[in-house]
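J.: Sharing the record's features from TrEMBL:
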- B:48-68: transmembrane segment (TRANSMEM)
- B:80-99: transmembrane segment (TRANSMEM)
- B:119-142: transmembrane segment (TRANSMEM)
- B:154-173: transmembrane segment (TRANSMEM)
- B:188-205: transmembrane segment (TRANSMEM)
- B:361-382: transmembrane segment (TRANSMEM)
- B:402-424: transmembrane segment (TRANSMEM)
- B:436-455: transmembrane segment (TRANSMEM)
Amino acid sequence: MSDEHHPSPVDLPGEPDTHGRPLVWTSVTIAVATLFLGLTNAISLNGWAVELAPTETSARIVTVTESWEETTEAIGLAAPRAWLHARWKQLQALRFEGQDPAAE
Amino acid sequence: MLFPTLTFGLFFLAVYALTWAVRGSNEWRKILLLLASWVFYGAWDWRFVALLIFSAVLNWGTAALIARTDEEWEAGRRKALLVFGVAANLAILGFFKYYDFFLEQLGVLLHQFGFERDMPLLEIILPVGVSFFTFQGMSYLIDVARRKVPPASLLDMTLLMSFFPHLVAGPIVRASDLIPQFRQTPRLERGMVAMGLLLIVWGLFKKAVVASELSVNLVDPIFFDPSAHSSLDLVIAAYGYAVQIYCDFSAYSDMAIGLAALLGYRFPFNFNQPYRARSLQDFWRRWHISLSSWLRDYLYISLGGSRGGVWKACRNILLTMLLGGFWHGAKWTFLIWGGLHGIVQVMETLWRKFRPQHWPLMPAAIAIFITFHIVTLGWIFFRAETFDGAIAFLGGIGRGDWGATIATPLMIGLILFGMMIHFTPPTLAQGIALRLRSVPALLLGLGTGAVILIIDAMRFEGVAPFIYYQF
């Protein structure tokens, strides 16, 4: 049997890093990123919830996500995303000279 | 279930938690991954999960029979089994993907000879990813017949074909790469995870920001009605599509590789800065590498490869590229796209063979420029709905109307960005991952969350399916 193997981008050059517990390290990384997004990106969470097929369960989910979105807005956690989104919209609205302005 | 959606994100978090929770038993882990893969596929259409299972069982059973044959005494039986297995895979692909196309062509042919017939078109729904999993099944059968891989267990074979990160749009991961990994309980390594996270975030950016923005605001409206746009718009849309298809398809591959890495599996490279290729042959060593190497190993070499002289090699290149084009879909535009790539590669082969020795080689920058523009010309046929649409598009460029454009500074910036990333150091991402692997988890988690937040603030509302879902 041949040992045909195609290289993978996740095989980094050099010696593998064997210290620590990689599964714990990975799980903590994912958990922190998820928590961070849950706190700062409630608008997307609510956007996802309102797109769910309408059922009693999804209605309850929407109630929770809406309330969570309002809470994060009230305490300022939603501000960074809102600021970034506004800058992006400005970039989208930029036009070359002579072009019609962006539709509102 | 699309990768860059919250639904998929929640699904993946559950799969990650469950599969690592049962890491003590590799068999249970694989069973969970298999069930998760069927849920993933079933979210699109439950009926075709049965097709996926049938296809896996068919390939597993045929390969087991092939493996039992004696190499010396039962060569005929082995060949017959292989032919049966490959034909069965092609029959699945042919029925779902090409049945209506061939009947339509037959109808046109009969009409030309004066026969009017209503063809029994079935308007068959194309199962997502059917081209990928049938190619995977065929390569497994051929590898077992060639004694390159041992036959796999039913569980491993079914998981190979169903594994959700690569199921619907590749990369085409071969049995020789994945089955040995399935046989052992996977172990994570920090570098592998850092690179996986980087690929997921990078893929998310390319798809949700670059490809979506270019698609919705530039490429789609211009390709929809080329006659309503200036020549300048058409040229920008052609470049835009070159960047869009790269950012769309490579994003899927990047995310697939990254997701598999977080589950402990290694997928091979699928893209390597394709627009810095110096020839079409070089391009195919960098674009959709898992398909081009599949076509080389199982089609081009089976046709005879370069054995038998330069002319036979040219014939085999042309046939391989035509069939590669047709693999993408039952449309003449895909055949023309494949034919264009084939003809140019034949010209390159002949040029290499017969070029006068004293003639200088083409400077790299010019070779890259020419190659990119041939590729972009091919993309016009690839993107156009019909042959007439592609001709109208090219005719519009020839009109010479270079006045106004609908392209905004942001779109031009994204096109330039999409080109510039091809000229960064090829090992840049791996270099970043090497640094990230020593960052504390808390910091890396905050960084990953912050980058995803930035991408989400920029992303286009809603996510269009990946271009390669249709293949």
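Just so it is clear, glycine is given a Cβ too, placed from its N, Cα and C backbone atoms.
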J.: Cβ under 8 Å, sequence separation of at least 6 from the ends of the transmembrane segment (B:188-205): give me the contacting residues as numbers and ranges.
T.: 3-4, 250-255, 257-262, 264, 266, 429-430, 432-434, 436-439, 444, 448, 451-452, 455
J.: Using a Cβ cut-off under 8 Å, which residues of the same chain at least 6 positions beyond either end of the transmembrane segment (B:80-99) come close to it?
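T.: Those are 51, 55, 58-59, 62-63, 65-66, 69, 122, 124-127, 130-131, 134, 137-138, 141-142, 145, 329-330, in sequence order.
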J.: State the residues, same chain only, that lie 6 or more residues beyond the ends of the transmembrane segment (B:361-382) and have a CB under 8 A from a CB inside it; answer 'none' if no residue qualifies.
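T.: Same-chain residues near the transmembrane segment (B:361-382) but 6 or more away: 238-239, 241-242, 245, 274-280, 282-283, 328, 333-334, 336-337, 340-341, 344, 390, 393-394.
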